């Protein structure tokens, strides 16, 4: 068959999309077309910050039906989402409790309990995953301690992409790359860790053994009656984004830039040394036995909140105004946990500047300048940490995802990091999702083969570092700004 049509459902923490890919195996051309885009946002339900998963499912089905109604024969479907969040089901497959978001404050104070009762080094030795207060391990502990009446009703716990695949197919699956984000998967066995799971109060029977990307979960029956296979892709959106990152060689790092920024490198081995633990490095699972050695950075969430609070709709105009301002007048640590979900983001940023005896950003452009400069400096700091960890410097950084469209931030990143930045592709998570589907359909051999297709079909923009820039001169001075309460233990 010359042409393949695959559908990627890509859900981020702020938006979702259903994308149609058309692959010409003869000419190795790959095109994407957006079928349906929709908003994903938090809502308050019974005092909890929750996801409207019924609305998300409705939009997923709407997007799939739109493709089918065009008369296109879909070869496969794949779903990727953000990590750590889950849905509980009873024996009949009905939901138990609420789909609570990782940004909810129910996990406050939970992680320190684990550090005392299990031990930080022991948790890291078992999982190899960074300590973030909203990891699934702490969410489940919060659930079983705060709402014990729910646990007796639970028969299954599905992570978000597995839940939506279940809703389409009726079949349950626990995909490996996303499962590793829970901090509950043993890094040596690739299965759920008995000790860590027992501490949460959840039952191991709620989970099936994690499966690696590339298996067919089941079929979705389209309105026309055709059975379409739903493939378990690398269902953590960052895992999919990394698959589509055209990394040139082992000296290339990546930055998946969106609501979250995830910076790291690809490795055939995990890094679980004392040095890695001290730096709060994570070893998330990838496809083909690869590890995503990375760190989470709060990312454009700060900007998204400021845009919403101040009703800013013209982002290009804001960026143009921001670029005209002098650099590094206002600096914060974007990974300070005060920025996870404050009532008022711009007020929180202003307070952080005030508390460190800096000028206070007031205008929209000043707030954006603060965010962009601070992110770029944090990127440089973390890239240095990652290079020290592996014992080799990086020569190139690939920025993928929606954030790679921000030319100002890309240049600031290049200047601060002191290396060449390659920006693109924008829809990296979608492309990585499609890549696994094409491999499952035997159209491509492996990830390296797929990256060649991406490189041939998607243009990248190059940013050359300017060592004389203002932000480059501030790199060494940024360290004191990081002495804050970070997203770690």
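Using the three backbone atoms N, Cα and C, a Cβ is placed for every residue, glycine included.
Under the DSSP three-state reduction, residue 15 (ATP binding site) is assigned to strand. Counting only residues at least six positions away in the same chain, the Cβ atoms of 37, 38, 39, 40 sit under 8 Å from the Cβ of residue 15 (ATP binding site). Residues or ranges marked as ATP binding site in Swiss-Prot: 13, 14, 15, 16, 17, 259, 304, 402.
The disulfide bond annotation in Swiss-Prot covers 68-222 (among others), and the record cites sequence analysis as its basis. When other Cβ atoms within 10 Å of the Cβ of residue 68 (disulfide bond) are tallied across all protein chains shown, the result is 18.
According to its DSSP assignment, residue 83 (substrate binding site) is coil. Here Swiss-Prot flags 83, 236, 237, 238, 296 as substrate binding site, drawing on sequence analysis.
Within its own chain, residue 237 (substrate binding site) has 10, 11, 12, 80, 81, 82, 83, 256, 429 as residues 6 or more apart in sequence whose C-beta sits under 8 angstroms from its own. For 237, the entry in Swiss-Prot reads active site, proton acceptor.
Per Swiss-Prot, disulfide bond is recorded for 353-370 (among others). Residue density at residue 353 (disulfide bond): 20 other Cβ atoms are found within 10 A of its Cβ, drawing on all protein chains shown.
Taken from Swiss-Prot, the feature disulfide bond covers 413-417 (among others), and the record attributes it to sequence analysis. For the recorded site, residue 413 (disulfide bond), the DSSP three-state label reads helix. Counted within 10 Å of its Cβ, the other Cβ atoms near residue 413 (disulfide bond) come to 32, all protein chains included.
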Q. Quick one: which of these recorded positions, 259, 304, 353, 413, have their CA within 10 A of residue 222 (disulfide bond)?
A. none
Q. Helix, strand or coil: which one is residue 402 (ATP binding site) in, per DSSP?
A. helix
Q) Among the binding-site residues 16, 83, 402, which residue has its Cβ surrounded by the fewest other Cβ atoms within 10 Å? A) 402
Q) Any idea what DSSP makes of residue 238 (substrate binding site), helix, strand or coil? A) helix
**Q.** Spatial neighbour of residue 304 (ATP binding site) that is closest, considering only the recorded positions 68, 238, 296, 370 and their CA atoms
**A.** 370
Q. Tell me, by DSSP, whether residue 222 (disulfide bond) is helix, strand or coil?
A. coil
Q | Those residues of the chain, 6+ apart, with a Cβ under 8 Å from that of residue 236 (substrate binding site) | A | 80, 81, 82, 83, 161, 175, 177, 178, 180, 181, 284
Q: Can you see whether DSSP assigns residue 296 (substrate binding site) to helix, strand or coil?
A: strand
